[in-house]
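Novice: First the structure, which I've put down as structure tokens, then a few questions once you've had a look.
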Amino acid sequence: MSHHSSPKRYHDHQLEPAQLDAAGQKKTLSALQRSIRKGINFIEESDRMKGKNFSDRHDSLYTGESGISLMYLRIFLQAKALDMPDKEISYLAERVRLHMPRLSEHSPPAGRLSPIGGPTGPAVVEVLRQLLLVDPNEDADDLKDRWKTAMKTLKNATNNSLQTDVDQVDEILYGRAGLLWALLNFRRLVHDKVGDSGRLEDLHRICGSPIITGLVEDIIRSGKDGARLYEEEFGEPGLSLMWEWHGKYYLGAIHGATGILAILLQAPKSILKPHIETILQTIDQLRELVESKNGFLPSSLPHRHKHHQLVQICHGAPGYLLLLSSLRTLHPEHWKDSFYPSSINKHIWEQGLLTKGLGLCHGISGNAYPWLLLSTLNQAGNEHDEQALAYGTAFIVHSEKCPPMFAKTPYEYRMPDHPLSLFEGLAGAMCAWSDACAALHNQLEPKEQVPILGFPGIGGVGAIGML
Ligand SMILES: [Zn+2]
């Protein structure tokens, strides 16, 4: 059967950019706080896996239950901005635990290393929850066993990530950049001494400087090799750093260059120093590409197919903005306003209200997230930033109306394939709502700052000890 017209990818919408004077901030904050409460109730009523002692074999942060646990951990860290009653906060540890699978030792091979797309995910969440939020009713021996199993899986993944005799994958969903992001956050927890010394010693063994340096060096080397191979194959230069995945040179955040670079920029500066110029050069080449296409970022190079103009974080311009957020927040000395072409906001605003619904990976909350991060953590306060914040907030608030929770809206949206999940469904949107609450709370109550956590699995504002 042939399709003459493809289904509509986005709504030509009539949304208004958010009004963010003090009254508007307060109103938006309470709306998002209500949405999060509703989201928690919705997940707890509909989740059939919860507490069922299921295996971690098919679990991942992307669509698995451990992604929901991760969302609850994030909510816990931001509870102050959510106006959550103490009693509700005290349930969070149990909720985190009930969504966690049973853990087994895994040795994920190259191409299966990232916590986002495989069994490293539950292991990472286990580590985070044991350091940040343990259920007081949990058995201490059980916890010890789970910790040991998680550490074995992570040690195997780390060893496998440095193997040189296999074809490594570098993108975020399955590859080494995703693993690097977890290790950078572990490193931060070790540095800040979050948790007991025995556990932190274990953790230090998998995230010490030689390992982080090795991974950064390997990913950069592979990016240079990719650039060379691209030029040989297509007879024209591409970017200075390019990573191939499944035969394509992707640019989006989930499979391609913008995501890998966003994570590299969050590595320690001393480790990054030899490569920062090459990275900046690559960002400028991406900027040129976006500018030449009126705000659009092709999903891969060479760009030959004009009919798939995707505007989503996995393939499209929002990934470039997430990369800019890493650069601007962590390397302000290298920031230039010209990296941020004025056409990009308009492009995402006009084509970013995706019919696929509320999700992070290819949905509305994911498109809004980079705007939020780029504009709230930077004090520049120019017109461009104000527009980004007003657009991002409008999208984030609107995402609550999509399935699975549904509310009255003039626009129709699809039910995500995994309606509650972190990367396609409700849990991911809740992370965006919660980060938006933190940003608004920090504006309204400057004396009690709540951490902004960044895009799940990628960050964008630095490694602060949470994925
Ligand atoms: Zn996607």
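From the backbone N, Cα and C atoms, a Cβ is placed for every residue, glycine too.
Keep in mind it's a predicted model, so treat the numbers as computed, not measured.
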Novice: To which of Cys314, Cys402 does TrEMBL also attribute binding of Zn(2+) at the site defined by Cys361, His362?
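Specialist: Between Cys314, Cys402, TrEMBL records just one in the Zn(2+) site with Cys361, His362, namely Cys314.
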Novice: According to TrEMBL, which listed range is region 'Disordered': 1-21, 43-63?
Specialist: 1-21
Novice: Which residues in the same chain, at least 6 apart in sequence, have a Cβ under 8 Å from the Cβ of Cys314 (Zn(2+) binding site)?
Specialist: Gly252, Ala253, Ile254, His255, Cys361, His362, Gly366
Novice: Run through the Cβ atoms and count how many others sit within 10 Å of the one on His362 (Zn(2+) binding site).
Specialist: 23
Novice: Could you tally the C-beta atoms, other than its own, that fall within 10 angstroms of the C-beta of Cys361 (Zn(2+) binding site)?
Specialist: 27
Novice: Which three-state DSSP class does Cys314 (Zn(2+) binding site) fall into?
Specialist: coil
Novice: Check Cys361 (Zn(2+) binding site) against DSSP and tell me helix, strand or coil, would you?
Specialist: coil
